[in-house]
């Protein structure tokens, strides 16, 4: 058994080997390897399956009481400085290993069919395997330096995959935007790592927290400097996990293939930031101001993401802002000290969001032959509707993911989100109010997405009819009568259900979406109410002490307000977008003044959502245009003032030399004439003065 634990490094090694094999094949045999497309995907899936089974084994050993395993090797030795590499296996790591590998396997199986006809099929699997290996290496890292190395690898892979279709200008711009935005966070992370090394003399997670606590106990730490270092370190997760104000890259990342969107939003890139905050949780706990910043950042992000998602027309971008909002919940939970609830929501959200993104991929895949292959066409929910009758399995699995994300029992996210809502309310009512209000918005925009996509009548044939296209309101509802709609010419093409290879991951991901939340249900252990996840996390190196939770029926009773708010959001979404919305509107007659106010409010919400809360425009004006204006001023000063002064001296010297060249002709008479002439001018000037 000890020998197995000493080889935990095999988990990230297997997907890395798959990536290396495909990369070498593409480099040396670019034409021949294209004939072995299925073999290439089989290698990637098989190697990742091996890593997944190993992860399950390590997870089982950890939760059944196996001790924490930590192996280190000396990497850099210089006098008293020792830099070590290795791996750390504790319950937190083992949970993340299972999460990453299971989601990645489902995404790879799905990608085998989704990307089969793409010219970059093998390259995609090469990048995908490297992406997974980088994330696995990150969660196994025992110190901040090793985390930073894999952190950068994760960022590099996301850059390659977001810009996978780089010939499309929007994709090229999106990957550059993600790269630049994350460089800001990564620079802050590096400063924070170096700052804490300056304070504690260690990069190791366990030693760093221990030494920091000892120094803090003896008042040997400058709290202002330590807080600044912690905020710099937190800047890395802010960018990676798309927290306000560095969230702007996440919706643009939807330009990449849909399978990679599922992986980024479920188990890899955005999860990296939450994982790092969770790993550094014992240290952050000693700095109350930093914990307050983390909690408020999470609350603002959750609310902002939900409000921007309200009127999105793009299916994937709507889900992207949903991810941003849910990541805000996780960060809020960690900031208020609810460590277990934050990680619990990370797990439940990962499976639900992977299911939703893969379901959206099936929808987009079926819409492309009808409306076109550009994202503005195939991802636009205005041209969808009624897909449930054509894609029943995709619709039911998407509905399960939607119910989970809305926090409807007994689906997975209900258990984790409700715990965050209750804890945030008890911690600070204002944070709790923001969290509860965001829960209602989540239910509204998620069911808006579901109704516009799967319910009602199919609107794909309206794409070529500009007149009818303009008759679709900003909220996606049809503004002409049902009789006119039925008389429309029926489309020759209809959406089709995805093939079995794409449906298999959807069905499998439905299982954890329904049942994974039960790891948060309480069980009786020595007359203490303890849930499984709290018990497992208590065995981690993080100083997490689970508190006695409420009894099961008390938990359900306290969940009534959150579930009620979610149902209110669903009812509003049903009234506006449900299949019988026109019937309901005829029953409910509003006064003209109220109707005008509601229309003005809806226009405001639409503009807020369409312009992304005006944050992107502000950044574009203040940073991009402002920076360009500053560069123009600097360029003008450099060219016309600094260079002008230097060039002026050169020109003066040149003409002076040219003048003297003609004067110095070698004739004495000329020299005497010049001297006498100058003396004459001098005496004339003196006489006048």
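Cβ coordinates are placed from backbone N, Cα and C, and glycine is handled just like the others.
Just so it is clear, the model here is predicted, and its values are computed rather than measured.
Positions annotated as transmembrane segment by TrEMBL: 6-29 (among others).
Positions annotated as domain 'NADH-Ubiquinone oxidoreductase (complex I) chain 5 N-terminal' by TrEMBL: 75-125.
If you look at the transmembrane segment (85-109), the same-chain residues 6 or more away from its ends with a CB under 8 A from one of its CBs are 5, 8-9, 11, 15, 41, 44-45, 48-49, 51-52, 55-56, 58-59, 61-63, 68-73, 75, 125, 128, 132, 135-136, 139-143, 145-146, 205, 259-260, 262-263, 266-268, 271, 275, 278-279, 343, 346-347, 350-351, 354, 358, 501, 504-505, 508-509, 512, 536-537, 539-542. Sequence annotations record features per position, and here TrEMBL assigns transmembrane segment to 85-109 (among others).
What TrEMBL records for 141-442 is domain 'NADH:quinone oxidoreductase/Mrp antiporter transmembrane'.
What TrEMBL records for 147-167 (among others) is transmembrane segment. Tertiary proximity for the transmembrane segment (147-167) is limited to same-chain residues at least six positions away from its ends with a CB under 8 Å from its CB atoms, namely 120, 123-124, 127-128, 130-131, 134-135, 137-138, 141, 174-176, 178-179, 182, 186, 189-190, 193, 236, 240, 252-253, 255-257, 260, 264, 268-269, 272, 276, 279.
Non-local neighbours of the transmembrane segment (179-200) in the same chain are 144-145, 148, 151-152, 155, 158-159, 207-208, 211-212, 215, 221, 225-226, 228-240, 246, 248-249, 283; each lies 6+ residues outside the stretch with a CB under 8 Å from one of its CB atoms. According to TrEMBL, the feature transmembrane segment maps to 179-200 (among others).
Taken from TrEMBL, the feature transmembrane segment covers 220-239 (among others). Residues 151, 181-182, 184-189, 191-193, 195-196, 198-199, 212, 246, 249, 272-274, 276-277, 280, 283-284, 287, 289-290, 293-294, 297, 331 of the same chain lie 6 or more positions beyond the ends of the transmembrane segment (220-239) yet place their CB under 8 Å from a CB of it.
Under the heading transmembrane segment, TrEMBL lists 260-281 (among others).
A Cβ distance under 8 Å defines the sequence-distant neighbours of the transmembrane segment (287-311), meaning residues of its chain 6+ beyond its ends; these are 223, 226-227, 230-231, 234, 238, 242-244, 247, 277, 318, 321-337, 424, 427-428, 431, 434-435, 437-438, 441-442, 444-445, 448, 474-475, 605-606, 608-610, 612-613. Annotation source TrEMBL lists transmembrane segment at 287-311 (among others).
Through the fold, the transmembrane segment (327-348) approaches residues 92, 95, 99, 237, 241-244, 270-271, 273-275, 277-278, 281, 284-285, 291-305, 404, 412-413, 415-417, 419-420, 423-424, 427-428, 431, 435, 438, 516-517, 519-520, 531, 533-534, 537, 542, 544, 546 of its own chain, all at least 6 residues removed from its boundaries and within a Cβ separation under 8 Å. Summarising the annotation, TrEMBL assigns transmembrane segment to 327-348 (among others).
Under the heading transmembrane segment, TrEMBL lists 393-412 (among others). Outside the transmembrane segment (393-412) by six or more residues, the chain places 322, 326, 348-349, 351-353, 355-356, 359-360, 362-363, 387, 418, 439, 442-443, 446-447, 449-450, 453-454, 497-498, 503, 506-507, 509-510, 512-518, 556, 559, 562-563, 566, 569-570 with a CB less than 8 A from a CB of the stretch.
As annotated by TrEMBL, transmembrane segment applies to 424-447 (among others).
The transmembrane segment annotation in TrEMBL covers 501-523 (among others).
Taken from TrEMBL, the feature transmembrane segment applies to 636-656 (among others).
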Overall pLDDT for the domain 'NADH-Ubiquinone oxidoreductase (complex I) chain 5 N-terminal' (75-125), taken as the rounded mean: 89
Structural state census, the domain 'NADH-Ubiquinone oxidoreductase (complex I) chain 5 N-terminal' (75-125) (DSSP three-state): 29 helix, 13 strand, 9 coil
